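These features come from TrEMBL:
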TRANSMEM  B:6-29  transmembrane segment
DOMAIN    B:12-134  domain 'Ferric oxidoreductase'
TRANSMEM  B:50-68  transmembrane segment
TRANSMEM  B:88-110  transmembrane segment
TRANSMEM  B:122-140  transmembrane segment
TRANSMEM  B:146-167  transmembrane segment
C-alpha cells in the first residue's frame with residue numbers, strides 16, 4: 001500500500017564467533033556463500049580483508065538463498081547464526 | 001482383542017527401542033561434526049531429529065495401547081509416577097522414568113532456539129541416562145525381554161552405543177581436532 | 001610517572017595535584033550544560049571541536065553522545081528497534097525494550113583500562129588529574145540523562161579515583177569497577193560485559209553499544225582522556241580546543257613513549273606533532289632508531305628514516321598505523337625488528353580471550369610463522385604464508401583483536417622488508433651473519 005519505492009533491506013547472515021565451533025552445517029547449506037577455513041570455521045566467499053572486513057561476519061544473502069540461510073540459522077548446533085538486515 | 005492389544009504393545013515397545021538406539025547413535029555422530037557417506041551433516045541432524053520423533057510416536061502408542069490392555073493393569077498415575085505399578089513395579093517403573101526423561105528431552109529440543117544453548121545441552125545429556133533405563137525396562141518388563149532374539153538385539157545395540165560413546169570421549173572425536181590449536185571455552 | 005609537555009601544550013595536568021582544591025583553583029567550577037533552551041549545546045560544541053576518542057578507535061565523540069541520547073529518548077517506543085534490524089530473535093529484543101522506560105535509561109562508563117602494556121596515560125591521568133575525568137563523566141551523564149555512571153580502571157589507579165570521588169559530593173554516585181590487566185579487557189564490549197556479567201571479555205554484538213549495551217540499555221563508553229578533554233571543551237569551548245594542533249588533529253593528546261628511550265615517559269603533545277620531535281623530547285637519539293611502533297601492539301611500524309611523519313591519521317595511514325591510544329615504542333638501531341615483532345606476536349596470541357575459532361587458531365599460527373622468519377628459517381614461502389594467515393583472520397572475530405594483530409604482522413613485513421629478505425638467506429641486517 002505504500003507508494004515510497006523503499007528498496008528491500010539487504011538480508012545479512014551474522015556469525016557470532018564466540019559461539020561458532022566450526023561444525024560445518026552452515027557451510028553445507030550455503031556452499032554458494034560459505035567455504036571452510038583450515039580449522040573448519042565458516043569463511044565468507046565474498047568480502048575479503050582487503051575489502052570490507054565486516055562482510056565476513058555479516059554476510060549478504062541473495063534473495064534466492066534466504067530459505068537456505070533460514071535453515072542454517074535453525075539448524076546451527078551452536079546457535080551461532082542470526083538473520084539481520086542493514 | 002486383548003491379544004491384539006498385547007501384541008501391538010510389545011511390538012511398539014521394541015520399535016521404540018530400536019528408534020531410540022538409532023537416535024542416540026546419530027546424535028553422537030552429528031556432535032562430531034562429520035558427515036556420513038552420502039549423508040551431509042545437516043541431513044544427519046534432520047534424520048536424528050526425525051527418528052527421535054518417530055521413537056516418541058511409538059512410545060506414545062506403546063503406552064496408550066498397554067493402558068487399554070487388561071493384563072498390564074496400568075493406571076494414569078503409572079504414566080508419570082514410577083514404581084507404583086501392579087505388575088513388576090520396578091521394571092515397569094523404569095519405563096515410566098524413561099518416559100519422563102523423554103518428555104523433558106523432547107520438549108527442550110523442540111524449544112532449543114528459544115531456551116538457549118546451555119539449558120538445551122544440560123537436559124539433552126539426560127539421554128545418556130534415558131537409553132540404558134529404557135533398555136533395562138525392555139529386558140526386565142518385556143514379554144520378549146529375555147528371549148534369545150531380543151537379547152541379541154539388545155547386545156548389539158549396547159555394543160554400538162558403547163562404541164559410539166568411546167569414540168565420543170576419544171581425542172580425535174571432533175573433526176579438525178588435530179589441526180586446531182585451541183579449544184573453545 | 002612525571003608528565004612532560006612540549007611547548008605550550010600543558011592542558012590536562014595544569015592542576016599539578018590530584019586534590020579537588022587544586023583542580024578547582026586552576027579550572028574553576030563545573031559548567032552547567034543542562035540549560036533548558038539548549039539541551040544539545042555541548043554536543044554541538046564537541047562537533048565543532050573535532051574531538052575524537054582517545055581509547056584507540058578514534059570515533060568522533062559528539063556522534064556517540066548524540067547516538068546514546070537518541071536511543072534513550074526512544075523509551076518504551078519500539079520504533080527504535082526497527083533500526084536494530086534484527087529479523088530473527090527480534091521478539092526477545094523488543095520485549096526487553098518494552099519493559100518500561102527505566103530499561104532504556106542510558107549508562108555512562110569512563111574507560112581507564114590501559115589494556116596496552118605499553119600505555120600508561122590512562123593510569124597517570126586518573127592518579128594525577130582524576131577530577132578532570134570526573135568532570136567529563138558528570139557532563140556526559142547530564143547530556144545523555146544517564147542513571148548509572150561508572151569508572152572502569154586498572155587496580156593501580158583505583159585508590160586515587162576513590163579518594164577523588166570521596167572529595168566531591170556531586171560524584172558520590174560514581175561506581176568504580178576494577179579492570180583486569182588483559183589486553184582485550186578494555187575493548188568496549190568487554191567493558192559492557194564486565195558491568196553486566198562480571199567477565200571482561202569481548203562479546204558478540206549486532207548493534208552498537210550506544211543502542212544496546214549494559215543490560216540492553218544505551219551505553220556510552222568513553223576513554224578517560226577523552227572525558228578530560230571533553231571537560232576542558234565544556235569550559236573553554238571548541239575554538240580554544242582547536243587553537244593547538246592541526247585542522248585534522250586538533251587539540252592535545254597524551255602519548256606514552258617507551259622502548260629504547262630509557263624509562264617510559266608520558267607527554268602531552270599537540271595533534272600532528274612529528275614523531276621525531278616526540279622521540280627527541282624523551283631521549284635525544286645519537287643514532288637513527290631502527291623503527292618506531294605507533295599506536296600500540298595493534299598499530300604499525302614507522303621505519304627510522306620516516307620519523308618526520310606527523311602523529312596524525314593521514315600521515316600514519318601508509319604505515320598501517322594510527323595515533324590510537326598514543327603508544328610510541330622506539331626500537332633502537334641495535335635491535336632486529338623481526339625478533340621484536342615475533343615476541344609481540346607471541347604476546348598477542350597469548351592474549352586471545354579464547355572465544356573465537358579463527359583467533360584461537362590463527363594468532364598462534366601467525367606468531368609461529370613470524371617466529372620462524374625471525375629465527376632465519378630459509379623457507380621462501382614464509383612471508384606469503386604470513387600474509388595469507390593475516391588475511392584469513394581479519395574480520396572474523398567478535399572484537400578487533402584478530403584484525404589488529406593481522407595489521408601489526410603485515411606492518412612488520414612491510415617495515416622490515418629488506419631484513420625479511422636477508423633473514424630468508426640466513427643473515428640479519430642488524431645481527432649480521
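Our numbering is plain: 1 for the first residue shown, then up by one each step along the chain.
Using N, Cα and C of the backbone, Cβ positions are placed for all residues, glycine too.
Here the transmembrane segment (B:122-140) lies next to the transmembrane segment (B:6-29) in space: the count of CB pairs under 8 Å, restricted to residues six or more apart, reaches at least 3. Contact between the transmembrane segment (B:6-29) and the transmembrane segment (B:146-167) is supported: at least 3 Cβ pairs lie under 8 Å, counting only residues 6 or more apart in sequence. Residue counts for the domain 'Ferric oxidoreductase' (B:12-134) under DSSP (helix as H, G, I; strand as E, B; rest coil) come to 94 helix, 2 strand, 27 coil. When pLDDT values are averaged over the domain 'Ferric oxidoreductase' (B:12-134), the model yields 91.
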